[in-house]
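Chemist: For 19-118, the entry in TrEMBL reads domain 'FAD-binding FR-type'. Residues or ranges marked as FAD binding site by TrEMBL: Arg69, Pro70, Ile71, Ser72, Gly93, Thr94. Marked as [2Fe-2S] cluster binding site by TrEMBL: Cys240, Cys245, Cys248, Cys260.
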Amino acid sequence: MTVNMGANITPNMAGSLAPKVKSYRIISNQSIAENVFMLRLHAPDLDETCSPGTFVEVQLKDRSKILRRPISIHDWAVDAKELRLIYKVVGQGTKDMSEYQQGEMLNIIGPLGQGFPLPEPAETSGEKTCLLVGGGLGMPPLYELAKQLFSRGHQVIALLGFRSRNDVFGVEMLEKFGKVVVTTEDGSCGTAGRVDVKLKELGALADVYYACGPLPLLACVNAELPELVGYLSFEASMACGMGACYGCAIATRHGLRRVCKDGPVFQAGEVIVGGI
């Protein structure tokens, strides 16, 4: 199904607001999968400026590690004043984060970046079927996106790809909002293979797609669903996280763009790095 969504998509401009330095108390920091942790923060000043697909920059307690760590915003609850982040232990910095304890304070900057644009509510623009594709740590920002799409009356289908059963997380979270299809490279959970084994089948049902994950996954989604309006959330190494250093710049059809400031979400077909 191909639909012109241009007139019915609301840009996500949360990242254009001035980022704020904040100090939040840790509610919990728990493992939810192999080397994957959910960090829950008490955020008394939390408001609606957060949006799906944006991120925060976390300052480590070890000040010898100068650079902050960019972490996607997984979810937030304004009424409960709670912000949730999901991260994976991939180096010493995130290993240190995994040892943070309840009651400790965490210094962050955010929200940062441009998030996923949302279709208008179904009651005003008609119901849309939205395909959400995530690979590994591409899942966390899709949760809040699914929640908001569902609240606007749209159908949600999520396609999640992982290496093996031990890496799978987030399925039950997303099942609250729609159908979830899982693939694993070793076939230990769901369908054997990568997300491409299900892309065309599920893409045929969709009006728009949203994808988040490593570059090969984004390139695959972009190539397999060329007729659909889509939005891709890019991963990149970041230094400042606010667009000043251009360390995360990528080539687009409109020149260099910063993943941290102009992204991390770009419309499919805009970015030309890696053959996309």
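Including glycine, each Cβ sits where the backbone N, Cα and C put it.
Not measured: the values here are computed from a predicted model.
I'd like to know what surrounds each of these features in this structure.
Modeler: Within 10 Å of the C-beta of Pro70 (FAD binding site) there are 24 other C-beta atoms, taking all protein chains into account. In the three-state DSSP scheme, Pro70 (FAD binding site) falls into the strand class.
Shown in sequence order, Gly247, Cys260 are the residues of the chain, 6+ apart in sequence, with a C-beta less than 8 angstroms from the C-beta of Cys240 ([2Fe-2S] cluster binding site).
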Chemist: What three-state secondary structure does DSSP assign to Cys245 ([2Fe-2S] cluster binding site)?
Modeler: coil
Chemist: When neighbour density is defined as the number of other C-beta atoms within 10 angstroms of a residue's C-beta, which of the binding-site residues Ile71, Cys245, Cys260 has the lowest density?
Modeler: Cys245
Chemist: Rounded to a whole angstrom, what is the C-alpha distance between Cys248 ([2Fe-2S] cluster binding site) and Pro70 (FAD binding site)?
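Modeler: If we compare the Cα positions of Cys248 ([2Fe-2S] cluster binding site) and Pro70 (FAD binding site), the gap is 12 Å.
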